[in-house]
Amino acid sequence: MTTHMKTDLLVIGAGSGGLSVAAGAVQMGADVVLLEGHKMGGDCLNYGCVPSKALIASGNVAHLQAHGADFGVSNVVPRVDYAAAKDHVADVIAQIEPNDSIERFESMGVHVISEFGSFVSPTEVQAGDTRITARRIVIATGSSPMVPPIPGLETVPYLTNETLFDLRAQPEHLLVIGGGPIGMEMAQAHRRLGSQVTVIEGDKALGRDDPEMAEIVLTALRSEGIQIEEDALAAEIRGHAGAIEVETKDGRIFRGSHLLMAVGRKPNIDRLNLEVAGIQTHRAGIQVDESLKTTNRKVYAIGDVAGGAQFTHVAGYHAGVIIRSALFGLPAKQRVDHIPYATYTNPELAQIGPTEADARKLYGAKLDVVRFDFHHNDRLLAQRQAKGLIKVMVVKGRPVGVSIAGPQAGELINLWALVIANKLKMSAVAAMVSPYPTVGEINKRVAGAYFSPKLFENPMVKRVVAFTQRWLP
Ligand SMILES: Cc1cc2nc3c(=O)[nH]c(=O)nc-3n(C[C@H](O)[C@H](O)[C@H](O)COP(=O)(O)OP(=O)(O)OC[C@H]3O[C@@H](n4cnc5c(N)ncnc54)[C@H](O)[C@@H]3O)c2cc1C
Ligand SMILES: NC(=O)c1ccc[n+]([C@@H]2O[C@H](COP(=O)([O-])OP(=O)(O)OC[C@H]3O[C@@H](n4cnc5c(N)ncnc54)[C@H](O)[C@@H]3O)[C@@H](O)[C@H]2O)c1
């Protein structure tokens, strides 16, 4: 028997985006129903950011143990218990889980229904035995690993981000198809935990990033023993559990014990019955306008399913944009120029705004690019980690883009996220006093590098100083 409900706001999907909308809207007084058909917390908590960063942390500990000698502490061969590392991953998830739990959201006043939702009309969604009519609906159903139709793939056991973190037996040799962020992060974590690793990338590894910055990371990863094969499009897969073979289009053959597929994502739209609600899609996801409204003006789509940048902080940002519009009826448009992202390899890779090549196309001769090499940073020298580069793309004194490759790049980009979000100038960064010796001094030093030619190589400044010095008492 179907129960009927009415609500102000119906949120479909309880991942990074849906939870943020539900929490914000209910605390502002809206009546909110939240549907989750699988696990509260979505991909980020269960199969994405959280487990991947926890496994990277295990790998980093092993790496430190093996590289103490440079610091006067003998190297040891780390004794890795892969299953125990996975226990650590599960424990980290368990620590964060209560924040995303049904109990927490119900205690806030959200009505949570543990069912998948499917549109039955432009304003109604069926979830199990419940039919919900809502004034506004938010689709936040995320994405899933794309599994391409490579001949033979269906005949071998393979891992995705949804199964990797449950694997208890350490892969002897992990083959990773796809050299994007998922592939490279998991390749390094496994290498550091003692597996042999081969990355098979059809184009360029870390190909969305500035090639000069990506190269810094790839060189470091190769030096740890990760085999990274580029222009290696996987074309055929053969074998069985423990002995898998990948053949590329140009005939190269790679053999390993396990296979991880990390070739991108597909939007979770199959169950939604979008046609009945008049919601159009494209290849990457649900079609949305700048205010994140779909082709059904009462329905929004946010996060991964909206087909733009696929990051947890983007889903959270989208939530803020649509709350303004759905709850207060105010105009709200998303910005994309101020969205940073980072890849948590070691060294890390971070980006905000256009890369140097894209900025040159956009701004031509108006663009200044300033660089600062990490080997000038005393703190990183003390830690024997002083390899990296920051590049800032500046137009008329304002940074429009920043690329960072090096230790803590993901932390360093935070300052530039503030600067670009608030359209601050390079002078604001140069005016900051940064504590010595910190890695963060890099940000101030690159701003200094922008001004130093203007100050130190300027004949007018030299003339003014010489003149003033003659007259100063
Ligand atoms: C391995 C990996 C590592 C990552 N690392 C990072 C990182 O370090 N930093 C970062 O910013 N991002 C990272 N990401 C990306 C990040 O996980 C996603 O961008 C983020 O989870 C998207 O949030 P979302 O709300 O759009 O979707 P999700 O978090 O995927 O949530 C969608 C939810 O909707 C539910 N659902 C689907 N269909 C329905 C339906 N019909 N009815 C009801 N419920 C439904 C799903 O079960 C799911 O729980 C990573 C991703 C992966 C795979
Ligand atoms: N640190 C982070 O924030 C983080 C970490 C992991 C994932 N993510 C998110 O998840 C998304 C998906 O990550 P991803 O790494 O799966 O996808 P991706 O699209 O970024 O990279 C996939 C790679 O696979 C390659 N590829 C595709 N088909 C291939 C084939 N047949 N043979 C060989 N290579 C092939 C592509 O050329 C590409 O380089 C990211 O774009 C990002 O938004 C973020």
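The first residue you see is number 1, and the count goes up from there.
Here the Cβ of each residue, glycine as well, is placed from N, Cα and C on the backbone.
Neighbour list (ASP304 (FAD binding site), Cβ cut-off 8 Å, at least 6 residues apart, same chain): GLY15, GLY17, ASP43, GLY142, SER143, ARG265, PRO267, ASN268, GLY285, GLN310, ALA315. The FAD binding site feature in TrEMBL is assigned to LYS53, GLY117, THR141, GLY142, SER143, ASP304.
In sequence order, VAL199, ALA205, LEU206, VAL217, LEU221, THR343, THR345 are the residues of the chain that are 6 or more apart from MET184 (NAD(+) binding site) and have a CB within less than 8 Å of its CB. Residues or ranges marked as NAD(+) binding site in TrEMBL: GLY178, GLY179, GLY180, PRO181, ILE182, GLY183, MET184, GLU185, GLU201, GLY264.
Residues or ranges marked as disulfide bond in TrEMBL: CYS44-CYS49. The secondary structure of CYS49 (disulfide bond), as reduced to three states from DSSP, is helical.
Taken from TrEMBL, the feature domain 'FAD/NAD(P)-binding' applies to 8-318. Predicted-model confidence for the domain 'FAD/NAD(P)-binding' (8-318) is 98, expressed as mean pLDDT.
Per TrEMBL, the feature domain 'Pyridine nucleotide-disulphide oxidoreductase dimerisation' maps to 339-442.
Counting residues per DSSP class in helix, strand and coil order gives 40 helix, 32 strand, 32 coil for the domain 'Pyridine nucleotide-disulphide oxidoreductase dimerisation' (339-442). Note on the recorded positions CYS44, CYS49, ILE182: the fewest other CB atoms within 10 A surround the CB of CYS49.
With respect to ligand 1, the recorded positions CYS44, GLY142, GLY178, GLY180, MET184, ASP304 contribute CYS44, GLY142, ASP304 as residues with a C-beta closer than 6 angstroms to one of its atoms, given in sequence order.
Look at the binding-site residues GLY117, GLY142, GLY178, GLY180 and count other Cβ atoms within 10 Å of each Cβ; GLY180 has the fewest.
Measuring Cα to Cα from ILE182 (NAD(+) binding site), none of the recorded positions CYS44, LYS53, GLY117, THR141 fall within 10 Å.
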